[in-house]
Amino acid sequence: MSNEISRNWPAPAKLNLFLHINGRRADGYHELQTLFQFIDCCDLLDFRVTQTPEQILHSDMSAVVADSDNLILRAAKSLQQATGYPGGAEIWLEKRLPMGGGLGGGSSDAATTLVALNQLWDTQLSNDELATIGLKLGADIPVFIRGFAAFAEGVGERLQAVTPTEFWYLVIAPDAHVSTAAVFQDPLLPRNTPKLGIDTLMSQPWANDCQDLVVSKYPQVAKALAWLLEYAPSRMTGTGACVFGEFSSQQQALAALAKLPSDMQGFVAKGMNISPLIVRLNRP
């Protein structure tokens with residue numbers, strides 16, 4: 001087994017179809033309500049089980065490999081420590097998703113690492129156990145482990161499966177890095193959106209409570225969102241910088257992409273209520 005490479009484990013992006021900030025807890029974390037949906041644009045990871053306990057990461061992005069605090073390595077080590085597995089893994093990351101854009105790429109990479117190595121190491125942890133490990137590494141990781149579109153509450157850890165419409169999306173990645181920590185620490189961030197039941201939230205217009213703040217501070221995000229709103233209902237995902245517009249067909253999304261100004265970068269993706277990772281996990 002140590003010489004075999006298990007290939008093409010997807011780490012899909014997510015969109016926050018809405019994001020409401022309901023308050024700040026005593027520990028500094030924020031209470032929120034959000035709706036996660038996956039899209040079919042993914043990072044790809046390959047794994048090789050090794051007899052030695054080290055975790056080795058390769059990537060086409062040198063900045064990822066140079067980061068000793070990388071979530072992929074932390075996830076592998078956390079699973080190893082939780083299970084006492086004596087071996088290790090060599091991991092290859094093909095980075096396709098924009099970094100720091102609100103698409104959850106780092107969290108998704110970590111979740112795919114936990115799910116894949118749990119199978120390849122035959123450590124037999126349940127999804128609940130994997131999600132518990134993942135939550136210690138990042139609040140978004142459990143939704144990627146569980147692999148279904150979800151309404152999330154709390155700090156994002158309480159998940160309820162939902163089936164929003166699987167639209168086609170045009171995602172624009174502005175040339176801006178938005179610090180999630182800075183957004184949540186900003187005194188101008190709204191923190192008083194009333195908590196509502198899921199049925200009410202699913203039936204009313206969707207919004208992102210972080211959007212106005214980020215748009216006011218990042219002209220690149222404001223420009224991308226203003227352009228996209230000319231073609232479709234559009235919002236920011238997470239704390240940005242990525243924005244997305246929803247279309248009823250791939251043809252419509254591609255037609256808008258063809259008009260994208262030359263100083264913007266974007267891609268078309270399909271909404272998915274079941275993660276590509278779950279499809280890969282269940283493959284023979």
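Every residue gets a Cβ built from N, Cα and C, even glycine.
If you look up Swiss-Prot, you'll see LYS14, ASP140 marked as active site, on the strength of sequence analysis. The feature ATP binding site is assigned by Swiss-Prot to PRO98, MET99, GLY100, GLY101, GLY102, LEU103, GLY104, GLY105, GLY106, SER107, SER108, with sequence analysis given as support.
Counting every protein chain shown, 21 other Cβ atoms lie within 10 Å of the Cβ of PRO98 (ATP binding site). Here the Cα atom of GLY106 (ATP binding site) is found 10 Å from that of ASP140 (active site).
Within 8 Å of the centroid defined by the CB atoms of PRO98, MET99, GLY100, GLY101, GLY102, LEU103, GLY104, GLY105, GLY106, SER107, SER108, the record's ATP site, lie the Cβ atoms of ALA13, LEU97, GLY238, excluding the listed residues themselves. Secondary structure at PRO98 (ATP binding site), taken from DSSP and collapsed to helix, strand or coil, is coil. Annotation for the recorded positions LYS14, SER108: lowest Cβ count within 10 Å of the residue's own Cβ, LYS14. Note on proximity: of the binding-site residues PRO98, GLY102, GLY104, SER108, the one nearest LYS14 (active site) is GLY104, by Cα distance. A distance of 17 Å separates the Cα atom of PRO98 (ATP binding site) from that of ASP140 (active site). GLY106 (ATP binding site) falls within a helical segment according to DSSP.
Taking ASP140 (active site) as the reference point, the binding-site residues whose C-alpha atoms are within 10 Å of its C-alpha, out of GLY100, GLY102, GLY104, are GLY104.
Each of the binding-site residues GLY100, GLY102, GLY104, GLY106 was scored by how many other Cβ atoms lie within 10 Å of its Cβ, and the smallest score goes to GLY100.
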